[in-house]
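Feature list (source: TrEMBL):
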- HIS479: active site (ACT_SITE)
- 1-64: region 'Disordered' (REGION)
- 110-132: region 'Disordered' (REGION)
- 160-181: transmembrane segment (TRANSMEM)
- 193-216: transmembrane segment (TRANSMEM)
- 237-263: transmembrane segment (TRANSMEM)
- 308-327: transmembrane segment (TRANSMEM)
- 339-360: transmembrane segment (TRANSMEM)
- 380-408: transmembrane segment (TRANSMEM)
- 463-483: transmembrane segment (TRANSMEM)
- 489-509: transmembrane segment (TRANSMEM)
Amino acid sequence: MDNTHRALGPPERLGSYPLTTSRWQPLPAMETSGTGNNVRHRGDGKDPPGNAPPSQSEAQKHSVEGAEIQADNLIQWKRHVEQVKVDLLEQIQGPLRDLLDKAICESVQSYPRGNQGTRENEDQAKSKSMRSHKMDNGKVFMNRRSILDELFEINHIRTIYHMFIAALFLFIISTLAVDYIDQGRLVLEFDLLFYAFGKFSTVLWAWLLMFGYTLAGPYHILGIWGGCYHSSKYKRLLTVVAGLALASMQTCILGVFPVYIVIHHQLPPASRFIVILEQIRFLMKSYSFIRENVPGILKNQPKPGEAIRLPTFSSYLYFLFCPILIYKESYPRNPYIRWNYVATTFAQILGCLFYAYFILVRLCIPVFMNESNQPFSTRTLVLALFHATLPGMLILLLAFFAFLHCWLNAFAEMLRFADRMFYKDWWNSNSFSDYYRNWNVVVHDWIFYYGYRDLYWLSGRRFRSAIMLSVFIVSAVVHEYVLTLCFGFFYPVMFILFAVFGVAFNFTLNDKRKSPICNIIMWTGLFIGQGIQVCLYCQEWYAQVHCPRPGNSLWELVVPRSWTCSYQR
């Protein structure tokens, strides 16, 4: 029976008609191949009178035919029952769905509001507990992938990445078309890139000098101080001398020297960025190395006859190249290097450079070069601002992808560094405080542990808001320092946006707001902020070119030239 049904496949529908009681009537009585006179009753051993008994072959034939007919009727009956089941499910599916929807709606409406508040309180308590754990135990590294690497495994997200690549191709095609129309030939000139990264030999030897000092200076000073501290009778004097020596060398080589190189050699913008950012990176790494090792040396006094345990040179060398700013003796490591991944990330960095080049050439330079012919006015500023919003946001996304994702992941992969949480899902942030924490986790962790946490401990765990405000101000000053030296003029746009509007948004749009509208507000603020920066810095750049300062007085250095410059060709 089962084999016959399996051979026939799934039951077919016998028709479509309403489900009534007539469907449940029994099938007609099964007919046999013989007439009614040939039917033999169970237990009747005699043949009917007047009929001769059938032969043995005819009896077997009748038996086989009866079995086949019975099997066919059973199959038909099973099909009939299956059809009844299907029709029954079709009829009750709609009312059952409506009933379940109504029950869910009523349960949601009757859900007590206090539970929601309790859940929010539990989430806040959990977040507070995690912050307390970070305050007490420090940074914990673990084996984690970057978020974009995980998202790019999803086809829908990877399609967005492909859309950006397609936009790059459109920039290339449009540039070729314009060059062909204007000059009558197809040419791609990257003179802007060659200018921006000019005098690279000067950048290289300056970097080697800063790296050599950072590798040898702090390590040897810590080793000398740590080896003599517990055996010295003048511990405070030794500490003061070592601290002054380290501070003076840090000031000369990592403080004054990079600024002198940038100004004296008149480096172009991109080369300046390399020198100044490496200056800040070496300062932050050397401070972390000293900060993480000094408390351990002070607490762990060696036993008589034993030497103090100092950090190894190999761990410090690894730390200088590793894409993190918090020193640890060891980090989670991957078992092997994916060189194809390294090649892909460096190719993506190169693509981002060309992307930024085409954005500047096609969307920024034509607009702001013409704007320099007009005097500064509100109308000029507003129009230029809206022109700069889109390229400003694209440059922000390219800087994030090229540096925080590709560059850091490339070095992490070559060093087999396993913790790739260089950023979090900042694009989902509902507040600017959440955005500041998730945008650049590497720098945020350094600021949190060595800025906010240490100041909070020194203040006796008081004045939390004042400490947070001071950290914001210092961060804004550092950002403005970088842009001032790299652009070659003082225009505190970044400082005002960071220290004024950033602080205001940080305290007003806090983490308690979870509405999607807050995410829209955050993105709107990013668009406007990037547009303001690109607009004002581009205007000031061309004003400095067309209307150079007549003198070097303090007033002329701090007043933007774009406010008064009106260049006429």
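The backbone N, Cα and C atoms fix where each Cβ goes, glycine too.
Note: TrEMBL annotation is automatic and uncurated.
With a threshold of 8 Å between CB atoms, the same-chain residues lying at least 6 positions outside the transmembrane segment (380-408) that come near it are 146, 148, 323, 345-346, 348-349, 352-353, 355-356, 359-360, 363-364, 367-368, 371, 374, 420, 422-423, 439-440, 442, 526-528, 530-535, 538-539. Taking Cβ pairs closer than 8 Å, the transmembrane segment (489-509) reaches residues 430-433, 436, 465, 468-469, 472-473, 475-477, 479-480, 483, 518, 521-522, 525, 529, 532-533, 536-537, 540-541, 544, 557-558, 560-561 in its own chain, all 6 or more past its ends. Here the transmembrane segment (308-327) touches the transmembrane segment (193-216). Their Cβ atoms form 3 or more pairs under 8 Å, with each pair 6 or more residues apart. Note on the transmembrane segment (160-181): residues 152, 187-189, 351, 354-355, 358-359, 361-362 of its chain, located 6 or more positions outside it, place their CB under 8 angstroms from a CB of the stretch. With Cβ pairs under 8 Å as the measure, the transmembrane segment (193-216) is packed most heavily against 237-263, out of 237-263, 339-360, 463-483. The list of residues near the transmembrane segment (339-360) in space but at least 6 beyond its ends in sequence, with Cβ under 8 angstroms from a Cβ of it, reads 164-165, 168, 171-172, 175, 190, 192-193, 391, 394-395, 398, 401-402, 405-407, 409-410, 413-414. Neighbour density for HIS479 (active site): within 10 A of its CB lie 16 other CB atoms from the protein chains shown.
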